[in-house]
Amino acid sequence: MNTSPGTVGSDPVILATAGYDHTVRFWQAHSGICTRTVQHQDSQVNALEVTPDRSMIAAAGYQHIRMYDLNSNNPNPIISYDGVNKNIASVGFHEDGRWMYTGGEDCTARIWDLRSRNLQCQRIFQVNAPINCVCLHPNQAELIVGDQSGAIHIWDLKTDHNEQLIPEPEVSITSAHIDPDASYMAAVNSTGNCYVWNLTGGIGDEVTQLIPKTKIPAHTRYALQCRFSPDSTLLATCSADQTCKIWRTSNFSLMTELSIKSGNPGESSRGWMWGCAFSGDSQYIVTASSDNLARLWCVETGEIKREYGGHQKAVVCLAFNDSVLG
């Protein structure tokens with residue numbers, strides 16, 4: 001892989017943050033130093049994801065997708081696409097980088113061919129409500145789509161069939177995730193509840209079956225994201241209640257609560273905890289919040305190890321990749 005020394009792509013750890021100040025910032029994770037800032041002029045950034053080969057980062061915003069080069073300091077996007085209506089809320093990649101998926105407020109999830117330099121939309125999955133989240137099953141053959149009507153759709157990419165679940169009617173699904181072992185699926189919603197299912201099937205031609213496992217009253221306010229750890233032992237949930245909570249998947253008990261609440265009774269709210277990402281060894285987690293900061297926490301102790309300051313407005317999304325390619 002051709003990475004120039006001193007570029008983001010040459011660093012074994014890629015940490016990027018973005019949000020409402022129209023910039024994407026790249027950080028040296030261990031020092032907290034901002035190493036590169038990309039101006040993302042057209043809109044806020046709703047979602048960020050690094051390509052599997054660590055060569056590019058996708059930034060999804062209002063009516064567009066921009067992809068920036070990680071192996072050079074080129075300030076301009078190397079791939080741009082503007083043909084989607086409304087906000088794009090979610091973005092991710094097939095594990096070998098052949099295609100990208102997105103979901104957004106135009107009520108569609110889309111698959112994009114990445115093998116040519118101009119993004120080609122290959123397939124569209126239409127639902128009846130704006131889409132908040134899309135995640136890919138580890139089998140790379142099913143997309144989980146969560147929408148604002150409270151539905152979770154399982155779109156089988158091989159057969160084009162889809163199944164639908166509605167844990168709470170008319171309560172918006174804000175995030176869904178499947179753990180790397182494909183043992184569990186979690187989804188959080190706008191009332192703060194987290195639902196967990198056991199997964200079976202999903203191998204070969206078998207369709208994934210979801211068996212309800214538990215409902216966690218995770219937060220008292222809007223939940224914004226849920227993420228399993230790479231070792232599948234933990235589940236993190238982020239919320240408008242200023243916390244990120246970490247749950248053990250062995251029994252879904254609370255292990256650690258990470259809070260940005262002020263100890264000062266007179267101080268107003270520091271805002272929402274928008275998103276999170278675990279480190280590859282599952283020992284650390286980075287959070288993004290609307291007090292303009294990202295933070296690196298020790299999962300076990302809940303201690304803040306580093307703060308990443310520089311954004312002028314809320315940080316609502318991040319990408320964290322510390323897996324070194326062999």
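Positions of Cβ are set from backbone N, Cα and C atoms, glycine also.
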Candidate set Lys158, Lys245, annotation SUMO3 cross-link, source Swiss-Prot, matching residue: Lys245
Integer Å distance between the CA atoms belonging to Lys215 (SUMO3 cross-link) and Lys261 (SUMO3 cross-link): 25
Inter-residue Cα distance where the pair is Lys245 (SUMO3 cross-link) and Lys305 (SUMO3 cross-link), in Å: 17
Within-chain partners of the repeat 'WD 4' (126-165) [C-beta distance under 8 Å, separation at least 6 from its ends]: 86, 89-90, 92-95, 101-109, 111, 171-178, 180-182, 185, 187, 189, 202-203, 205, 207-208, 210
For the recorded sites Lys86, Lys245, Lys261, Lys305, Lys313, the one whose C-beta sees the most other C-beta atoms within 10 angstroms: Lys245
